[in-house]
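TrEMBL lists these features:
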DOMAIN    19-139  domain 'MARVEL'
TRANSMEM  25-45  transmembrane segment
TRANSMEM  51-69  transmembrane segment
TRANSMEM  89-108  transmembrane segment
TRANSMEM  114-135  transmembrane segment
Amino acid sequence: MVETEGSPFGGCLEKMKSYVRTRKGTILTAEILLSFIILICYAASMYGGYSAVAICEMVFAIIFFIVFMMELDKQFLVVNWLWSDLIRAAIGAALYLITSLICVIGGSGDGARIAGGVFGLVAGILFVYDSYTIFLDIKSGRQHTAASTDDTV
């Protein structure tokens with residue numbers, strides 16, 4: 001039996017398990033898995049050049065997963081992590097939607113390319129949803145109470 005308390009990765013595994021249960025952790029995990037599936041589909045197709053989008057988005061999702069899981073966003077305040085994540089998700093949504101439409105429309109005779117395009121459309125929708133939730137987080141953090149106009153002290 002493996003003891004998680006004595007192992008050097010025990011705390012990291014517990015953080016990962018608890019973070020995957022959060023909404024943001026679930027979204028990032030789904031983005032990583034979908035990007036990996038798309039990477040496999042594009043690599044198996046006759047045109048492997050589309051796999052660059054899947055590789056980049058998977059790497060960026062892994063980086064942000066680790067940053068948010070280990071709560072490094074609270075330690076490195078130089079980077080605005082919410083805005084960086086919003087830009088990552090919005091660019092990922094646009095790239096996935098564009099490349100997936102190209103692959104689905106022009107992929108006749110290449111089943112792996114069409115499958116990658118269909119999974120890419122699903123990933124694009126997931127990235128749009130991620131962008132929307134991040135935007136709502138940013139918007140809720142900016143709302144302040146209005147200043148009082150009452151002259152009495």
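In case you wondered, yes, glycine gets a Cβ from its N, Cα and C as well.
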Quickly jot the same-chain residues contacting the transmembrane segment (25-45) by Cβ under 8 Å, restricted to those at least six beyond its ends, or write none.
19, 51, 53-55, 57-58, 61-62, 64-65, 68-69, 92, 96, 103, 107, 110, 112-113, 115-116, 119-120, 122-123, 126-127, 129-130, 133
Is the transmembrane segment (51-69) packed against any residues at least 6 beyond its ends, judged by a Cβ distance under 8 Å, and which are they?
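Apart from its flanks, the transmembrane segment (51-69) reaches 15-16, 19, 24-25, 28-29, 31-32, 35-36, 38-39, 42-43, 81, 84-85, 88, 92, 95-96, 99, 116, 120, 123, 127.
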Compute the average pLDDT of the predicted model within the domain 'MARVEL' (19-139).
94
